[in-house]
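Notes follow the structure.
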Amino acid sequence: MSLSETLLPVAVLLPLGAATLMLALAHWLPPRLPKIVAIFVALAVCAICLGLAHASLDGPVRHWFGGWTPDAAHRPGVVLGIGFQADPASAALAAFCGLMFSASFVFAWGYFDTEHAHFHVLMLLFLAAMVGFCLTRDLFNLFVWFELMSIAAFALTAYPLGRSALEGAFTFTVTNALASFLMLAGTGLLYARTGTFDFATMGEAVARTGSDPVLTGGFVLVAAALLTKAAILPFHLWLADAHAVAPSPVSVIFSGAMVSLGLFGLAKLVAQVFSGSADVTGLVHGLLHGLGLATALVAGVMAFAQRHLKRLLAFSTISHLGIMLTALSAGTDTATAGLLLYILGHGLTKGALFMVAGTLLSLRQSADEIVLYGQGRGLWAPALAMIGGGLLLGGLPLGLMHGATGLIERSASAPAQAITTLATALTGAAILRAAARIFLRASGVPGPELLAPTEREHEKPDRPVWLMAFPALALVALALVPPGAALPFLGAATARLHDPSAPPLALPEGGSVNLVPLGLTAALFALALLRRRALHRPARAVTRAERAGFRALQALHSGLVGDYVTWMAVGLALFALASAL
Amino acid sequence: MTPRWRLLLLALALLVLAPAVLRVALTLPAFGAPTAALGQTVNALAPELRHVANMVAAVNFDLRGIDTLGEECMLLCAVTGATVLLRGARGEHDTARAGRLPGRPVTPRADATVLVCRIFATLTLMVGLSVALHGMTTPGGGFQGGVIAASGLLLLYLGEGYAGWRALVPPPVLVALEGGGALLFVLCAGLPLLAGHPALQNRLPLGEFRDLYSGGLMVLVNAAVALSVAGSFGLLLVEFLEETREAGDDPISDEEDR
């Protein structure tokens, strides 16, 4: 075995080993040690996966556990064991997860001092699950890591133990546990028809079978589970509740890496397993495209109408996930490349923004932009990170996200482009508005955000501001890297996601600089800041209508788990309708 | 949404889903009709290649061992999460002593109860050990054996009361068992890599077919799972039965300071 083949399982075994060792010795470890170990393990995972990404440029790196290679059974189509496979995209994403975890561990230094290493044990298990999710090539194994990811996330969400944290964790647990059931059922259906779990073998079987309700049903169930994780309308309702209440270092991981992994998993399955099924590709191009646009728009409007910073960021995450889903559903090579780049750019930016929210929670005891009005003076580093993050989300023509948007828009229709641009501008303007209120004391009269739910809460003020600002600024700086440098790698990654032996793709060099999103962001931002009290009759009527509209939208996000499950059923029904038509 | 609207919407969604579900169910392979090639292959090959009689063990601990490692970590993760949440409300530092509500009466146990519980707890532990040890030859194995062994602890609780029970099985030991068992599994997976073999490769002598110690590395993995599961379930019981709350008591405030 070559070195990279040996290192492939280590990327998962290392965090698992560190977590179990720390748990076993939890009672006797000095309190600082788990934090240091966690940072180094996350960095090591990042380094290993970067090495794998580099090595896989020469062809996929595979590792068959227990030596059970596909030919071990000497029967064609029967794969006894489980394989990991690093293609450039998967390995790069796993490395990205390692990077986000190390940034989050630095940010969380001191936050969890009183605990017996439990936080770090849960986080390392979480990391291992995410890396396994990226690297596996076995559907059941994918389910196992999906489930481990969910369980670690449930516990971490409830960690602050306040009422809202427990409620958020409860809806998160119910909806995502349901998603796990769906995924298991879907895996069962796919196995019943194809007789294997291995992606490549299953893909061959799917292409042989052709049109078949069992395969389509299996895909729909697995896709619904992944879309629940990725918070796509109407499966998205849990996300804002959970991300808003989780401890900030955990929200960084949730919004930065976990949710977009759901979409990456879906993209990988569509490319490697279902590319031969016309029914499934029809669903992807049709229904998923529509759902993506609806998600981007609805969540963008919701983000604009929030006042609680973490809730605002959570809705903006949903909105950007919608944009990513439109890229996934377009299915062209440039759009897929855009999706991969967007996951990185958005994850870095959103991670930094959640760190700013956490900084405010611990230094100013609130995350409510109206309560915090003018309270952010003197915190120039977080302010810089927040304004930078807001501009990046709002379409600043620099950095990874802009490059990704350019790639995605190459294959998008004009109406779709208009919707994603509007969604981008709404989220960017919302963040900039909050930043202006908190750090610059600039504000118009609050609009519909006054109606949004908020929460009195705070986090422990136990670490210096530079320690919290440094990882945030570092992430923003990484998000500002010019995308041109990544294009050759991205071309190879995109081509190999579909076919491990494909030649690298030549991606178009940076397109024209598109200033429309940034202009729209600035316009919406100005609108929010120049807003004055409605004194005249027509202005009042407009305000009333606006309030009624937003109130109806807020009412859909009721926080009641029964509603959320009902909407999930509606989502499945949409899939049933779309595949029947 | 009012409950009425919610039910209406749900009913509508289910109505739309029903024909799709029916269609899938009717096109599924008929019950028991064509047996899966994968299962047949395992049945045909595993006794010869791994010398074990229990095919489920062969799949769980060897062929798809990495799945089992993931599942094992899932259990560990769930128990750790439950521990954090249950301990959080009463503070984590007091784990050395059994917490209890002042003034809550301790029901005295009859001698007969104590005796019967001690006898049966021992027997349950033995059954658990036996089920775990016979994992390679008969249905059962580390997971089931670990659960049975841990459930014997409940009988001890019944006999000894919470404080005595907890002194008998201290939580740090249970945690060490839980984490140590899982670590042993990780090592079983990782150590073959050092010798240049694939992870989890079964390089140990395989033993005799139908022997208690057949299966090579599987015996070790089985033991690791048994230890970890026994520790996990034991810890879960200790945490759940901590007597610090009254029924209907809600100690969690909105402004929990963590």
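Backbone N, Cα and C atoms are what each Cβ position is placed from, and that goes for glycine too.
As annotated by TrEMBL, domain 'NADH:quinone oxidoreductase/Mrp antiporter transmembrane' applies to A:137-401.
Residues or ranges marked as transmembrane segment by TrEMBL: A:6-29 (among others).
If you look up TrEMBL, you'll see A:89-112 (among others) marked as transmembrane segment.
The transmembrane segment annotation in TrEMBL covers A:142-162 (among others).
Per TrEMBL, transmembrane segment is recorded for A:169-192 (among others). Sequence-remote contacts of a segment are chain residues at least 6 beyond its ends whose Cβ falls under 8 Å from one of its Cβ atoms, and for the transmembrane segment (A:169-192) they are 139-140, 143, 146-147, 150, 153-154, 157-158, 202, 214-215, 217-226, 228-229, 235, 237-238, 241-242, 245, 559, 561, 564-565, 568, 572.
Residues of the same chain lying 6 or more positions beyond the ends of the transmembrane segment (A:218-240) and with a Cβ under 8 Å from any Cβ of it are 139, 146, 149-150, 171-172, 175-176, 178-180, 182-183, 185-190, 193, 258-263, 265-266, 269, 274, 277, 279-280, 283, 288, 291-292, 294-295, 298-299, 302, 311, 314-315, 317-318, 321-322, 325, 556-557, 563-564, 567-568, 570-572, 574-576, 579. Marked as transmembrane segment by TrEMBL: A:218-240 (among others).
Note on the transmembrane segment (A:252-274): residues 89-90, 93, 96-97, 100-101, 103-104, 107, 123, 126, 130, 133-134, 137, 139, 142, 146, 149, 153, 199-200, 202-203, 206, 215, 219, 222-223, 226-231, 239, 242-243, 246, 280-281, 284, 313-314, 317, 321, 324-325, 328, 331, 336, 339-340, 343, 346-348, 350-351, 354-355, 358, 497-498 of its chain, located 6 or more positions outside it, place their CB under 8 angstroms from a CB of the stretch. Residues or ranges marked as transmembrane segment by TrEMBL: A:252-274 (among others).
Sequence annotations record features per position, and here TrEMBL assigns transmembrane segment to A:286-305 (among others).
Annotated transmembrane segment per TrEMBL: A:312-331 (among others), in sequence order.
According to TrEMBL, the feature transmembrane segment maps to A:337-358 (among others). Residues of the same chain lying 6 or more positions beyond the ends of the transmembrane segment (A:337-358) and with a Cβ under 8 Å from any Cβ of it are 89, 92-93, 96, 100, 103-104, 107, 247-249, 251-253, 255-257, 260, 263-264, 267, 309-310, 313, 316-317, 320, 323-324, 327-328, 367, 382, 385-386, 388-390, 392-393, 399-410, 431, 459, 468-469, 471-473, 475-476, 478-479, 483, 486, 490-491, 493-494, 497, 505, 507.
The transmembrane segment annotation in TrEMBL covers A:379-400 (among others).
With a threshold of 8 Å between CB atoms, the same-chain residues lying at least 6 positions outside the transmembrane segment (A:511-530) that come near it are 304, 391, 394-397, 402, 405-406, 409-410, 421-422, 424-426, 428-429, 432-433, 436, 442-444, 447. If you look up TrEMBL, you'll see A:511-530 (among others) marked as transmembrane segment.
The transmembrane segment annotation in TrEMBL covers A:560-580 (among others).
Nonlocal intrachain contacts for the transmembrane segment (A:312-331), taken as residues 6+ away from its ends with a CB within less than 8 angstroms of a stretch CB, comprise 227, 230-233, 236, 239-240, 242-244, 251, 255, 259-260, 263, 266-267, 270, 281, 284-285, 288-289, 291-300, 302-303, 306, 338-339, 342-343, 346, 350, 353-354, 357, 369, 393, 408, 411-412, 416, 420, 423-424, 426-427, 430-431, 434. Same-chain residues lying 6+ beyond the ends of the transmembrane segment (A:89-112) with a Cβ under 8 Å from its Cβ atoms: 11, 35, 38-39, 42-50, 52-53, 56, 61, 119-120, 123, 126-127, 130-131, 134-135, 247-250, 252-253, 256-257, 261, 264, 268, 340, 343-344, 347-348, 351, 355, 358, 459-460, 462-463, 467-468, 470-472, 474-475, 489, 493-494, 496-497. For the transmembrane segment (A:142-162), the residues of the chain that approach it from at least six positions outside its boundaries are 119, 122-123, 125-126, 128-130, 132-133, 136, 168-169, 172-173, 176-177, 179-180, 183-184, 187, 225, 229, 242, 245-247, 250, 254, 258, 261, 265, 457, 459, judged by C-beta separation under 8 angstroms. Only residues 6 or more beyond the boundaries of the transmembrane segment (A:6-29), in the same chain, are considered here, and those with a CB under 8 A from a CB of the stretch are 37-38, 41-42, 44-45, 48-49, 51-52, 61-63, 65, 84, 86, 94, 116-118, 120-121, 124-125, 127-128, 131-132, 135.
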